[in-house]
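I have placed the structure first, in the form of C-alpha coordinates, so that the comments after it can refer back to it.
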Amino acid sequence: MKRLTDLEFDNRFARLGDSFSTSVLPEPIAEPRLVIASESAMALLDLDPAQALGEDFLQIFSGHRLWAAAEPRAMVYSGHQFGSYNPRLGDGRGLLLGEVKNDAGQYWDLHLKGAGQTPWSRMGDGRAVLRSSIREFLASEHLHALGIPTSRALCVTTSSTPVWREKREQAAMLLRLAPSHLRFGHFEYFYYTGRHDELRQLLDHALACHFSDLLDQPQPVAALFRQVLERTAALIGYWQAYGFCHGVMNTDNMSLLGITFDYGPYAFLDDYDPNHICNHSDDSGRYSFRNQVPIAQWNLAALAQALTPLVEVDLLRDTLALFEPLQQAHYLDLMRRRLGFCAAEEGDAALIERLLQLLQQSAQDYNLFFRRLGDQAAEQALQTLREEFVDLAGFDAWSVDYLHRCARDSGDPSQRSVRMHAVNPLYILRNYLAQQAIEGAEQGDFEPVRELHAVLSRPFEAQDGREKYAKRPPEWGKHLEISCSS
Ligand code: AMP
Ligand code: MG
(Lines of atoms letter the chains of each structure in order from A and count residues from 1; the text may use other names and numbers.)
(Lines give C-alpha, C1' and ligand atoms only; values in the text may rest on other atoms or scores of the structure.)
(Ligands and ions follow the chains in the order given, each with its own letter.)
Protein backbone atom coordinates (compact mmCIF):
# COMPACT_ATOMS: atom_id res chain seq x y z
CA MET A 1 0.00 0.00 0.00
CA LYS A 2 1.23 3.43 -0.96
CA ARG A 3 1.04 7.00 0.14
CA LEU A 4 -0.19 9.53 -2.36
CA THR A 5 3.34 10.88 -2.83
CA ASP A 6 4.69 7.42 -3.77
CA LEU A 7 2.75 7.04 -7.04
CA GLU A 8 4.92 6.06 -10.00
CA PHE A 9 4.28 8.04 -13.18
CA ASP A 10 5.08 7.02 -16.74
CA ASN A 11 3.44 9.56 -19.05
CA ARG A 12 3.36 7.75 -22.35
CA PHE A 13 0.68 9.89 -23.98
CA ALA A 14 2.40 13.15 -23.02
CA ARG A 15 5.55 11.89 -24.74
CA LEU A 16 3.72 11.74 -28.07
CA GLY A 17 4.22 15.48 -28.10
CA ASP A 18 2.46 18.70 -28.94
CA SER A 19 0.52 17.44 -31.96
CA PHE A 20 -1.58 15.36 -29.60
CA SER A 21 -1.93 17.48 -26.48
CA THR A 22 -0.89 20.76 -24.93
CA SER A 23 0.70 21.37 -21.58
CA VAL A 24 -1.72 23.24 -19.27
CA LEU A 25 -1.63 23.66 -15.49
CA PRO A 26 -4.78 23.12 -13.42
CA GLU A 27 -6.44 26.27 -12.11
CA PRO A 28 -7.21 25.60 -8.44
CA ILE A 29 -10.62 26.02 -6.88
CA ALA A 30 -10.96 28.06 -3.68
CA GLU A 31 -11.46 26.68 -0.16
CA PRO A 32 -11.63 23.06 -1.33
CA ARG A 33 -13.50 20.37 0.58
CA LEU A 34 -13.55 16.66 -0.09
CA VAL A 35 -17.06 15.54 -0.98
CA ILE A 36 -16.37 11.87 -1.47
CA ALA A 37 -13.63 9.40 -2.36
CA SER A 38 -13.88 5.82 -3.59
CA GLU A 39 -11.80 3.34 -1.63
CA SER A 40 -12.09 0.72 -4.34
CA ALA A 41 -10.83 3.21 -6.94
CA MET A 42 -7.98 4.13 -4.60
CA ALA A 43 -7.04 0.47 -4.47
CA LEU A 44 -6.45 0.53 -8.24
CA LEU A 45 -3.53 2.86 -7.54
CA ASP A 46 -2.46 0.80 -4.46
CA LEU A 47 -3.41 3.76 -2.29
CA ASP A 48 -4.13 3.12 1.34
CA PRO A 49 -7.14 5.28 2.30
CA ALA A 50 -5.86 5.62 5.86
CA GLN A 51 -2.65 7.22 4.62
CA ALA A 52 -3.70 8.80 1.36
CA LEU A 53 -6.73 10.77 2.50
CA GLY A 54 -5.45 13.96 4.02
CA GLU A 55 -4.42 17.50 3.25
CA ASP A 56 -2.22 16.48 0.27
CA PHE A 57 -5.09 14.57 -1.25
CA LEU A 58 -7.42 17.54 -1.00
CA GLN A 59 -4.79 19.96 -2.33
CA ILE A 60 -3.89 17.81 -5.33
CA PHE A 61 -7.43 16.97 -6.38
CA SER A 62 -8.56 20.57 -6.18
CA GLY A 63 -5.73 21.74 -8.42
CA HIS A 64 -3.53 23.43 -5.78
CA ARG A 65 -0.60 21.05 -5.85
CA LEU A 66 0.88 18.47 -8.22
CA TRP A 67 3.31 15.61 -8.12
CA ALA A 68 6.68 16.58 -9.60
CA ALA A 69 6.33 13.69 -12.06
CA ALA A 70 2.86 14.68 -13.30
CA GLU A 71 2.67 16.34 -16.73
CA PRO A 72 -0.81 17.82 -17.09
CA ARG A 73 -1.96 17.95 -20.71
CA ALA A 74 -5.14 18.91 -22.54
CA MET A 75 -5.77 16.35 -25.30
CA VAL A 76 -6.95 17.36 -28.75
CA TYR A 77 -9.81 15.53 -30.44
CA SER A 78 -12.85 16.24 -32.58
CA GLY A 79 -16.01 14.27 -33.15
CA HIS A 80 -19.55 13.93 -34.40
CA GLN A 81 -22.02 15.62 -32.09
CA PHE A 82 -25.67 14.70 -32.74
CA GLY A 83 -24.62 13.52 -36.19
CA SER A 84 -22.71 16.64 -37.26
CA TYR A 85 -18.96 16.84 -37.44
CA ASN A 86 -17.34 19.32 -35.03
CA PRO A 87 -13.73 19.81 -36.13
CA ARG A 88 -12.36 21.08 -32.83
CA LEU A 89 -13.35 19.73 -29.47
CA GLY A 90 -10.59 18.57 -27.15
CA ASP A 91 -10.26 18.72 -23.38
CA GLY A 92 -11.99 22.02 -22.67
CA ARG A 93 -12.23 21.52 -18.94
CA GLY A 94 -10.31 18.41 -18.06
CA LEU A 95 -6.61 17.59 -17.93
CA LEU A 96 -4.75 14.35 -18.20
CA LEU A 97 -2.47 14.74 -15.18
CA GLY A 98 -0.39 11.74 -16.10
CA GLU A 99 -0.30 7.95 -16.24
CA VAL A 100 0.27 6.00 -13.04
CA LYS A 101 1.71 2.52 -13.10
CA ASN A 102 0.49 0.39 -10.22
CA ASP A 103 2.24 -2.49 -8.48
CA ALA A 104 0.59 -5.00 -10.84
CA GLY A 105 2.05 -3.11 -13.81
CA GLN A 106 -1.33 -1.71 -14.90
CA TYR A 107 -1.54 1.85 -16.13
CA TRP A 108 -4.19 4.32 -15.04
CA ASP A 109 -4.79 7.73 -16.59
CA LEU A 110 -5.43 10.38 -13.94
CA HIS A 111 -7.81 12.89 -15.47
CA LEU A 112 -8.89 15.95 -13.50
CA LYS A 113 -12.26 17.21 -14.73
CA GLY A 114 -13.17 20.83 -14.01
CA ALA A 115 -9.50 21.91 -13.93
CA GLY A 116 -9.99 25.27 -15.69
CA GLN A 117 -9.65 26.65 -19.18
CA THR A 118 -7.51 25.15 -21.93
CA PRO A 119 -6.94 26.07 -25.59
CA TRP A 120 -9.98 23.87 -26.37
CA SER A 121 -12.41 25.58 -23.98
CA ARG A 122 -14.05 27.60 -26.79
CA MET A 123 -16.63 29.75 -24.93
CA GLY A 124 -16.63 27.59 -21.80
CA ASP A 125 -15.26 28.43 -18.37
CA GLY A 126 -13.33 25.18 -18.00
CA ARG A 127 -15.28 24.29 -14.90
CA ALA A 128 -17.53 21.47 -13.76
CA VAL A 129 -20.34 22.05 -11.29
CA LEU A 130 -20.82 20.03 -8.13
CA ARG A 131 -24.01 18.29 -9.27
CA SER A 132 -22.55 16.89 -12.52
CA SER A 133 -19.35 15.83 -10.74
CA ILE A 134 -21.35 13.93 -8.14
CA ARG A 135 -23.47 12.34 -10.87
CA GLU A 136 -20.37 11.13 -12.70
CA PHE A 137 -18.81 9.83 -9.49
CA LEU A 138 -21.90 7.88 -8.43
CA ALA A 139 -22.50 6.40 -11.87
CA SER A 140 -18.88 5.37 -12.47
CA GLU A 141 -18.64 3.49 -9.22
CA HIS A 142 -22.15 2.03 -9.50
CA LEU A 143 -21.72 0.72 -13.05
CA HIS A 144 -18.46 -0.84 -11.97
CA ALA A 145 -20.25 -2.57 -9.09
CA LEU A 146 -22.89 -3.82 -11.53
CA GLY A 147 -20.12 -5.35 -13.65
CA ILE A 148 -20.52 -2.89 -16.54
CA PRO A 149 -17.24 -1.69 -18.09
CA THR A 150 -16.66 1.95 -17.19
CA SER A 151 -14.16 4.65 -16.36
CA ARG A 152 -13.75 4.98 -12.59
CA ALA A 153 -13.95 7.91 -10.19
CA LEU A 154 -11.43 8.50 -7.43
CA CYS A 155 -12.93 11.54 -5.75
CA VAL A 156 -14.90 14.75 -5.97
CA THR A 157 -13.85 18.02 -4.36
CA THR A 158 -15.97 21.15 -4.13
CA SER A 159 -15.20 24.79 -3.43
CA SER A 160 -16.40 28.32 -2.88
CA THR A 161 -15.43 29.24 -6.46
CA PRO A 162 -18.62 30.34 -8.18
CA VAL A 163 -19.69 28.99 -11.55
CA TRP A 164 -22.55 30.45 -13.55
CA ARG A 165 -24.97 28.12 -15.28
CA GLU A 166 -28.67 29.00 -15.10
CA LYS A 167 -27.85 30.12 -11.58
CA ARG A 168 -24.78 30.46 -9.39
CA GLU A 169 -23.30 27.07 -8.54
CA GLN A 170 -20.16 25.69 -6.89
CA ALA A 171 -17.10 24.72 -8.94
CA ALA A 172 -16.07 21.12 -8.30
CA MET A 173 -13.44 18.72 -9.59
CA LEU A 174 -13.68 15.02 -10.30
CA LEU A 175 -10.69 12.75 -10.61
CA ARG A 176 -11.42 10.16 -13.27
CA LEU A 177 -9.42 6.98 -13.78
CA ALA A 178 -9.31 4.95 -16.97
CA PRO A 179 -6.65 2.81 -18.63
CA SER A 180 -6.89 5.28 -21.51
CA HIS A 181 -8.75 8.47 -22.40
CA LEU A 182 -8.58 7.77 -26.14
CA ARG A 183 -11.93 8.43 -27.81
CA PHE A 184 -13.16 7.71 -31.32
CA GLY A 185 -12.87 11.48 -31.85
CA HIS A 186 -9.10 11.42 -31.41
CA PHE A 187 -8.76 9.45 -34.63
CA GLU A 188 -11.36 11.52 -36.45
CA TYR A 189 -9.34 14.64 -35.66
CA PHE A 190 -6.23 13.42 -37.47
CA TYR A 191 -8.23 11.91 -40.32
CA TYR A 192 -10.25 15.04 -41.09
CA THR A 193 -7.21 17.32 -40.82
CA GLY A 194 -5.42 15.03 -43.29
CA ARG A 195 -2.58 14.31 -40.86
CA HIS A 196 -2.14 10.65 -41.64
CA ASP A 197 1.33 10.39 -40.12
CA GLU A 198 -0.04 11.44 -36.76
CA LEU A 199 -3.02 9.13 -37.27
CA ARG A 200 -0.60 6.25 -37.73
CA GLN A 201 1.45 7.38 -34.73
CA LEU A 202 -1.64 7.48 -32.51
CA LEU A 203 -2.68 4.01 -33.65
CA ASP A 204 0.82 2.69 -32.96
CA HIS A 205 0.57 4.23 -29.50
CA ALA A 206 -2.85 2.66 -28.90
CA LEU A 207 -1.61 -0.73 -30.08
CA ALA A 208 1.56 -0.64 -28.03
CA CYS A 209 -0.06 0.64 -24.84
CA HIS A 210 -3.60 -0.77 -24.89
CA PHE A 211 -3.90 -3.54 -27.48
CA SER A 212 -0.46 -5.10 -27.37
CA ASP A 213 -1.86 -8.61 -27.86
CA LEU A 214 -2.74 -7.55 -31.42
CA LEU A 215 0.74 -6.43 -32.44
CA ASP A 216 1.59 -9.76 -34.04
CA GLN A 217 -1.61 -9.84 -36.13
CA PRO A 218 -1.08 -9.58 -39.91
CA GLN A 219 -3.04 -6.30 -39.90
CA PRO A 220 -2.85 -4.83 -36.39
CA VAL A 221 -4.96 -1.74 -37.15
CA ALA A 222 -7.74 -3.84 -38.67
CA ALA A 223 -7.54 -6.15 -35.66
CA LEU A 224 -7.71 -3.16 -33.34
CA PHE A 225 -10.86 -1.94 -35.06
CA ARG A 226 -12.39 -5.37 -34.72
CA GLN A 227 -11.60 -5.48 -31.02
CA VAL A 228 -12.99 -2.01 -30.43
CA LEU A 229 -16.15 -3.14 -32.18
CA GLU A 230 -16.39 -6.32 -30.11
CA ARG A 231 -15.92 -4.43 -26.87
CA THR A 232 -18.43 -1.78 -27.88
CA ALA A 233 -20.95 -4.47 -28.81
CA ALA A 234 -20.49 -6.05 -25.38
CA LEU A 235 -20.85 -2.67 -23.68
CA ILE A 236 -24.09 -1.83 -25.47
CA GLY A 237 -25.31 -5.32 -24.57
CA TYR A 238 -24.86 -4.36 -20.91
CA TRP A 239 -26.52 -0.98 -21.30
CA GLN A 240 -29.58 -2.44 -22.99
CA ALA A 241 -29.84 -5.35 -20.56
CA TYR A 242 -29.63 -3.11 -17.48
CA GLY A 243 -31.65 -0.19 -18.80
CA PHE A 244 -28.78 2.31 -18.86
CA CYS A 245 -29.22 5.34 -21.12
CA HIS A 246 -26.01 7.25 -21.77
CA GLY A 247 -27.70 10.30 -23.23
CA VAL A 248 -24.87 11.83 -25.31
CA MET A 249 -23.38 9.18 -27.55
CA ASN A 250 -21.33 11.63 -29.59
CA THR A 251 -18.19 10.08 -31.05
CA ASP A 252 -16.03 12.17 -28.70
CA ASN A 253 -17.75 10.42 -25.78
CA MET A 254 -17.03 6.92 -27.12
CA SER A 255 -14.04 5.22 -25.52
CA LEU A 256 -11.60 3.29 -27.67
CA LEU A 257 -11.57 0.72 -24.85
CA GLY A 258 -15.31 0.09 -25.05
CA ILE A 259 -15.99 1.39 -21.55
CA THR A 260 -18.81 3.68 -20.43
CA PHE A 261 -17.29 7.11 -20.72
CA ASP A 262 -18.08 10.82 -20.20
CA TYR A 263 -21.18 10.70 -18.07
CA GLY A 264 -23.63 13.51 -18.73
CA PRO A 265 -27.43 13.39 -18.58
CA TYR A 266 -27.49 9.60 -18.21
CA ALA A 267 -30.34 7.69 -16.57
CA PHE A 268 -31.32 4.18 -15.68
CA LEU A 269 -34.82 3.38 -16.88
CA ASP A 270 -37.42 3.52 -14.13
CA ASP A 271 -40.58 2.28 -15.88
CA TYR A 272 -39.68 0.25 -18.95
CA ASP A 273 -39.89 2.51 -21.98
CA PRO A 274 -37.68 1.77 -24.98
CA ASN A 275 -38.31 5.26 -26.35
CA HIS A 276 -37.05 6.99 -23.22
CA ILE A 277 -34.90 10.07 -23.92
CA CYS A 278 -32.87 11.00 -20.86
CA ASN A 279 -31.17 14.06 -22.33
CA HIS A 280 -33.48 17.04 -22.12
CA SER A 281 -31.63 18.73 -25.04
CA ASP A 282 -32.04 15.71 -27.35
CA ASP A 283 -35.15 16.98 -29.16
CA SER A 284 -35.19 14.36 -31.91
CA GLY A 285 -34.47 11.42 -29.61
CA ARG A 286 -31.31 10.52 -31.49
CA TYR A 287 -29.93 9.03 -28.28
CA SER A 288 -33.12 7.44 -26.97
CA PHE A 289 -32.70 4.15 -25.12
CA ARG A 290 -33.70 2.06 -28.12
CA ASN A 291 -31.44 3.99 -30.49
CA GLN A 292 -28.29 3.24 -28.53
CA VAL A 293 -27.77 0.08 -30.57
CA PRO A 294 -27.87 1.62 -34.08
CA ILE A 295 -26.06 4.74 -32.83
CA ALA A 296 -23.17 2.69 -31.46
CA GLN A 297 -22.86 1.12 -34.89
CA TRP A 298 -23.05 4.56 -36.52
CA ASN A 299 -20.25 5.73 -34.24
CA LEU A 300 -18.16 2.70 -35.12
CA ALA A 301 -18.71 3.55 -38.79
CA ALA A 302 -17.39 7.06 -38.05
CA LEU A 303 -14.31 5.50 -36.46
CA ALA A 304 -13.94 3.15 -39.44
CA GLN A 305 -14.04 6.16 -41.78
CA ALA A 306 -11.11 7.66 -39.86
CA LEU A 307 -9.13 4.45 -40.36
CA THR A 308 -9.62 4.29 -44.14
CA PRO A 309 -6.12 5.65 -44.87
CA LEU A 310 -4.75 2.54 -43.14
CA VAL A 311 -7.23 -0.28 -43.65
CA GLU A 312 -9.08 -1.44 -46.76
CA VAL A 313 -12.63 -0.20 -46.88
CA ASP A 314 -14.09 -3.64 -47.59
CA LEU A 315 -12.46 -5.09 -44.52
CA LEU A 316 -13.81 -2.28 -42.35
CA ARG A 317 -17.26 -2.75 -43.85
CA ASP A 318 -17.23 -6.51 -43.21
CA THR A 319 -16.18 -5.90 -39.62
CA LEU A 320 -18.95 -3.34 -39.11
CA ALA A 321 -21.50 -5.93 -40.20
CA LEU A 322 -20.53 -8.02 -37.17
CA PHE A 323 -21.76 -5.41 -34.73
CA GLU A 324 -25.44 -6.22 -34.60
CA PRO A 325 -25.18 -10.00 -34.18
CA LEU A 326 -22.44 -9.57 -31.56
CA GLN A 327 -24.39 -6.96 -29.63
CA GLN A 328 -27.54 -9.05 -29.77
CA ALA A 329 -25.70 -12.16 -28.58
CA HIS A 330 -24.24 -10.31 -25.57
CA TYR A 331 -27.59 -8.80 -24.77
CA LEU A 332 -29.42 -12.14 -24.97
CA ASP A 333 -26.82 -13.79 -22.82
CA LEU A 334 -27.31 -11.19 -20.09
CA MET A 335 -31.09 -11.26 -20.36
CA ARG A 336 -31.13 -15.05 -20.04
CA ARG A 337 -29.18 -14.76 -16.84
CA ARG A 338 -31.49 -12.05 -15.60
CA LEU A 339 -34.37 -14.47 -16.15
CA GLY A 340 -32.55 -17.23 -14.26
CA PHE A 341 -31.61 -19.41 -17.24
CA CYS A 342 -28.29 -21.19 -17.62
CA ALA A 343 -28.58 -22.60 -21.14
CA ALA A 344 -29.56 -20.86 -24.38
CA GLU A 345 -32.66 -21.73 -26.40
CA GLU A 346 -33.79 -20.74 -29.85
CA GLY A 347 -36.98 -19.00 -28.69
CA ASP A 348 -35.37 -16.86 -25.96
CA ALA A 349 -35.29 -13.65 -27.98
CA ALA A 350 -39.04 -13.87 -28.62
CA LEU A 351 -39.78 -14.70 -24.97
CA ILE A 352 -37.77 -11.66 -23.85
CA GLU A 353 -39.40 -9.40 -26.42
CA ARG A 354 -42.88 -10.42 -25.24
CA LEU A 355 -41.92 -9.68 -21.65
CA LEU A 356 -40.61 -6.24 -22.58
CA GLN A 357 -43.88 -5.42 -24.31
CA LEU A 358 -45.82 -6.42 -21.21
CA LEU A 359 -43.51 -4.35 -18.99
CA GLN A 360 -43.93 -1.33 -21.23
CA GLN A 361 -47.68 -1.63 -21.49
CA SER A 362 -48.07 -1.83 -17.71
CA ALA A 363 -45.36 0.76 -16.93
CA GLN A 364 -43.47 -1.71 -14.77
CA ASP A 365 -40.24 -0.72 -13.09
CA TYR A 366 -37.63 -2.36 -15.29
CA ASN A 367 -34.93 -3.44 -12.85
CA LEU A 368 -37.23 -4.21 -9.93
CA PHE A 369 -39.24 -6.61 -12.06
CA PHE A 370 -36.27 -8.94 -12.49
CA ARG A 371 -35.32 -8.68 -8.84
CA ARG A 372 -38.83 -9.54 -7.72
CA LEU A 373 -39.07 -12.40 -10.21
CA GLY A 374 -36.15 -13.96 -8.35
CA ASP A 375 -37.46 -13.26 -4.84
CA GLN A 376 -39.59 -16.39 -4.76
CA ALA A 377 -39.90 -19.67 -6.64
CA ALA A 378 -40.98 -18.95 -10.22
CA GLU A 379 -44.65 -19.83 -9.82
CA GLN A 380 -45.15 -17.80 -6.64
CA ALA A 381 -43.18 -14.86 -7.98
CA LEU A 382 -45.38 -14.73 -11.07
CA GLN A 383 -48.49 -14.85 -8.88
CA THR A 384 -47.24 -11.89 -6.85
CA LEU A 385 -46.29 -9.84 -9.90
CA ARG A 386 -49.43 -10.67 -11.88
CA GLU A 387 -51.74 -8.15 -10.23
CA GLU A 388 -49.62 -5.23 -11.50
CA PHE A 389 -50.16 -6.05 -15.16
CA VAL A 390 -53.03 -4.65 -17.22
CA ASP A 391 -53.01 -7.34 -19.92
CA LEU A 392 -53.68 -10.29 -17.64
CA ALA A 393 -54.25 -12.74 -20.48
CA GLY A 394 -50.96 -11.71 -22.06
CA PHE A 395 -49.13 -11.99 -18.76
CA ASP A 396 -50.65 -15.41 -18.03
CA ALA A 397 -49.66 -16.70 -21.46
CA TRP A 398 -46.13 -15.42 -20.94
CA SER A 399 -46.02 -16.97 -17.45
CA VAL A 400 -46.93 -20.41 -18.80
CA ASP A 401 -44.18 -20.20 -21.41
CA TYR A 402 -41.69 -18.90 -18.85
CA LEU A 403 -42.46 -21.76 -16.44
CA HIS A 404 -42.01 -24.30 -19.23
CA ARG A 405 -38.77 -22.64 -20.21
CA CYS A 406 -37.57 -22.77 -16.57
CA ALA A 407 -38.47 -26.46 -16.40
CA ARG A 408 -36.44 -27.23 -19.54
CA ASP A 409 -33.41 -25.24 -18.39
CA SER A 410 -30.25 -26.98 -17.26
CA GLY A 411 -29.89 -24.77 -14.15
CA ASP A 412 -30.60 -26.17 -10.69
CA PRO A 413 -34.07 -24.83 -9.72
CA SER A 414 -33.11 -24.69 -6.04
CA GLN A 415 -30.37 -22.18 -6.96
CA ARG A 416 -32.57 -20.05 -9.20
CA SER A 417 -33.11 -17.30 -6.67
CA VAL A 418 -29.41 -17.08 -5.78
CA ARG A 419 -28.48 -17.02 -9.45
CA MET A 420 -30.97 -14.29 -10.24
CA HIS A 421 -30.14 -12.10 -7.25
CA ALA A 422 -26.48 -12.22 -8.25
CA VAL A 423 -27.26 -10.48 -11.55
CA ASN A 424 -30.41 -8.48 -10.74
CA PRO A 425 -29.65 -5.42 -8.62
CA LEU A 426 -31.89 -4.47 -5.74
CA TYR A 427 -30.45 -0.95 -5.77
CA ILE A 428 -30.10 1.09 -8.91
CA LEU A 429 -28.84 4.66 -9.36
CA ARG A 430 -32.07 6.47 -10.04
CA ASN A 431 -31.99 10.12 -11.00
CA TYR A 432 -34.11 11.16 -8.06
CA LEU A 433 -31.79 9.44 -5.59
CA ALA A 434 -28.81 11.25 -7.10
CA GLN A 435 -30.82 14.47 -7.00
CA GLN A 436 -31.62 14.17 -3.30
CA ALA A 437 -27.98 13.46 -2.47
CA ILE A 438 -26.86 16.41 -4.60
CA GLU A 439 -29.24 18.78 -2.83
CA GLY A 440 -27.65 17.77 0.48
CA ALA A 441 -24.14 18.25 -0.88
CA GLU A 442 -24.98 21.68 -2.27
CA GLN A 443 -25.91 22.66 1.30
CA GLY A 444 -22.60 21.28 2.59
CA ASP A 445 -23.93 17.93 3.84
CA PHE A 446 -21.92 15.20 2.11
CA GLU A 447 -23.38 12.33 4.13
CA PRO A 448 -26.25 11.55 1.72
CA VAL A 449 -23.82 11.23 -1.23
CA ARG A 450 -21.53 8.99 0.79
CA GLU A 451 -24.42 6.84 1.96
CA LEU A 452 -25.83 6.51 -1.56
CA HIS A 453 -22.40 5.56 -2.88
CA ALA A 454 -22.09 2.92 -0.14
CA VAL A 455 -25.49 1.44 -1.02
CA LEU A 456 -24.82 1.41 -4.76
CA SER A 457 -21.39 -0.17 -4.35
CA ARG A 458 -23.15 -3.39 -3.31
CA PRO A 459 -26.17 -3.28 -5.58
CA PHE A 460 -27.01 -6.99 -5.43
CA GLU A 461 -27.00 -7.35 -1.62
CA ALA A 462 -29.99 -6.45 0.53
CA GLN A 463 -28.68 -3.99 3.13
CA ASP A 464 -30.42 -3.59 6.49
CA GLY A 465 -31.96 -0.19 7.08
CA ARG A 466 -31.54 0.86 3.47
CA GLU A 467 -34.94 -0.25 2.19
CA LYS A 468 -35.85 3.24 1.02
CA TYR A 469 -33.18 3.06 -1.71
CA ALA A 470 -34.81 -0.01 -3.24
CA LYS A 471 -38.24 1.53 -3.71
CA ARG A 472 -39.90 2.54 -6.94
CA PRO A 473 -39.33 6.25 -7.58
CA PRO A 474 -41.97 8.81 -6.68
CA GLU A 475 -43.80 10.28 -9.69
CA TRP A 476 -41.78 13.56 -9.57
CA GLY A 477 -38.59 11.52 -9.58
CA LYS A 478 -39.35 10.04 -13.00
CA HIS A 479 -39.45 13.36 -14.80
CA LEU A 480 -36.30 15.21 -13.83
CA GLU A 481 -34.88 17.28 -16.68
CA ILE A 482 -31.18 16.81 -17.21
CA SER A 483 -29.23 18.35 -20.08
CA CYS A 484 -25.79 18.08 -21.69
CA SER A 485 -22.59 19.65 -20.40
CA SER A 486 -22.66 21.28 -17.03
P1 AMP B 1 -19.15 17.07 -22.84
O2 AMP B 1 -20.57 17.45 -23.11
O3 AMP B 1 -18.77 17.16 -21.38
O4 AMP B 1 -18.80 15.75 -23.43
O5 AMP B 1 -18.25 18.17 -23.56
C6 AMP B 1 -18.22 18.41 -24.95
C7 AMP B 1 -17.10 19.35 -25.26
O8 AMP B 1 -17.32 20.62 -24.64
C9 AMP B 1 -15.71 18.90 -24.82
O10 AMP B 1 -14.76 19.38 -25.75
C11 AMP B 1 -15.57 19.59 -23.48
O12 AMP B 1 -14.22 19.77 -23.11
C13 AMP B 1 -16.23 20.94 -23.75
N14 AMP B 1 -16.79 21.53 -22.54
C15 AMP B 1 -17.86 21.11 -21.83
N16 AMP B 1 -18.09 21.92 -20.78
C17 AMP B 1 -17.13 22.87 -20.80
C18 AMP B 1 -16.81 24.00 -19.98
N19 AMP B 1 -17.54 24.32 -18.93
N20 AMP B 1 -15.75 24.73 -20.34
C21 AMP B 1 -15.00 24.44 -21.41
N22 AMP B 1 -15.26 23.41 -22.22
C23 AMP B 1 -16.30 22.63 -21.94
MG1 MG C 1 -17.33 14.65 -23.73
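Positions of Cβ are set from backbone N, Cα and C atoms, glycine also.
Among the candidates K2, K113, K167, the residue that TrEMBL annotates alongside G90, G92, R93, D125, G126, R176, R183, D262 as binding ATP is K113. The binding-site residues listed here are R93, R176; among them, R176 has the most other Cβ atoms within 10 Å of its own Cβ. For G90 (ATP binding site), the number of other Cβ atoms no farther than 10 Å from its own Cβ, over all displayed protein chains, is 22.
All protein chains considered, the CB of N253 (Mg(2+) binding site) has 21 other CB atoms within 10 Å.
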